[in-house]
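The signal peptide annotation in Swiss-Prot covers 1-23. Taken from Swiss-Prot, the feature domain 'Peptidase S1' covers 40-279. Per Swiss-Prot, the feature disulfide bond maps to CYS73-CYS89, CYS199-CYS219, CYS231-CYS255; the stated evidence is sequence analysis. Per Swiss-Prot, the feature active site, charge relay system maps to HIS88, ASP135, SER235. The site 'Required for specificity' feature in Swiss-Prot is assigned to ASP229; the stated evidence is similarity to another entry.
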Amino acid sequence: MSSSSWLGCLLAVLLSALALSQGLPLLEDLDENSFPDGRIVGGYVTDIAQVPYQITLRYKAISSPENPFRHRCGGSIVNETTILTAAHCVIGTVASQFKVVAGTNFQTGTDGVITNVKRVIMHEGYNSGAAYNNDIAVLFVDPPLPLNNFTIKAIKLATEPPLDGAPSKISGWGSTYPGGYSSNQLLAVDVPIVGNDLCDLDYENFIDETYHITSAMLCAGKRGVGGADACQGDSGGPLVVRDELHGVVSWGNSCALPNYPGVYANVAFLRPWIDAVRAGL
């Protein structure tokens with residue numbers, strides 16, 4: 001191989017490594033046996049009764065059938081048979097690789113209600129036009145979840161975008177710091193909505209032009225301050241404003257950085273697709 005070819009290959013590897021280290025979806029890929037004390041970044045311990053729409057989506061690889069199902073992503077209960085999560089949580093998988101656990105404060109263990117995923121429908125426009133664009137998927141489960149309005153409850157889907165600056169709540173079992181261990185106990189954090197125009201400016205020089213904010217996304221975070229955010233393991237989970245599901249945890253530059261708000265799938269914008277899938281269209 002010529003020196004110029006070798007240098008070209010090296011540059012490609014370095015650029016790939018840079019991309020993988022920054023614009024990652026907030027997907028869990030950690031050792032589930034290690035849970036240090038701490039919080040979701042900048043957040044607090046919560047109880048499932050405060051966020052009864054929250055589920056843990058557990059997964060195992062087809063190549064390792066002997067392994068237990070383990071937390072991969074979060075999700076939200078739409079009704080007793082329907083869960084909303086992120087497309088990047090389910091891409092390249094089949095339904096039998098997942099179980100949904102509702103009504104639990106913990107990402108491990110057998111408490112709560114466990115049900116099977118029977119069908120996975122990922123947005124056909126995922127990653128089209130921008131990285132992580134249309135990052136949403138619908139899961140159908142069976143047997144149906146026993147909704148009880150206390151620890152297992154459906155959440156209303158937004159039909160209008162939230163106001164800039166509106167307070168929102170994110171919950172999940174994600175890392176308590178970038179690249180750190182996930183939390184075994186359910187955590188939550190409160191962050192304001194950031195307008196898409198400002199958020200797009202923040203990500204203007206991030207990696208390359210494929211990383212930009214589209215209408216199918218919304219942003220939230222303490223802009224210019226940081227310190228509060230979703231993180232790895234929170235993917236697919238809920239962002240809630242005034243008791244309505246407005247966002248699905250999607251991606252960002254690391255976690256809780258002051259100049260990079262977290263990015264979420266925009267439920268109100270994607271609502272026609274969600275409704276069509278639920279109607280079987």
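Every residue, even glycine, has its Cβ placed from backbone N, Cα and C.
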Judged by other C-beta atoms within 10 Å of its C-beta, the most isolated of the recorded positions ASP135, ASP229 is ASP229
Among the recorded positions listed as CYS73, CYS219, ASP229, CYS231, within 10 angstroms of ASP135 (active site, charge relay system) by C-alpha we get none
Looking only at the recorded positions CYS219, ASP229, CYS231, CYS89 (disulfide bond) has its closest CA neighbour at CYS231
Rounded mean pLDDT within the domain 'Peptidase S1' (40-279) lands at 96
HIS88 (active site, charge relay system) falls, by DSSP collapsed to helix, strand or coil, into helix
Cα nearest ASP229 (site 'Required for specificity') among recorded positions (CYS73, HIS88, CYS199, CYS219, CYS255) -> CYS255
CB contacts under 8 angstroms to CYS219 (disulfide bond), restricted to the same chain and 6+ apart in sequence, sorted by sequence, are ILE193, VAL194, GLY195, ASN196, LEU198, CYS199, ASP202, ILE213, PRO261, GLY262, VAL263, TYR264
Here the recorded positions are CYS231, SER235, CYS255, and the Cα closest to that of HIS88 (active site, charge relay system) is found at SER235
Cα nearest CYS73 (disulfide bond) among recorded positions (CYS231, SER235, CYS255) -> SER235
For CYS73 (disulfide bond), the number of neighbouring Cβ atoms whose distance to its own Cβ is within 10 Å equals 30
Between the C-alpha atoms of CYS255 (disulfide bond) and SER235 (active site, charge relay system), the distance in angstrom, to the nearest integer, is 12
CYS199 (disulfide bond) falls, by DSSP collapsed to helix, strand or coil, into helix
DSSP, reduced to three states, assigns CYS255 (disulfide bond) to coil
A correct count of other C-beta atoms within 10 Å of the C-beta of HIS88 (active site, charge relay system) gives 25
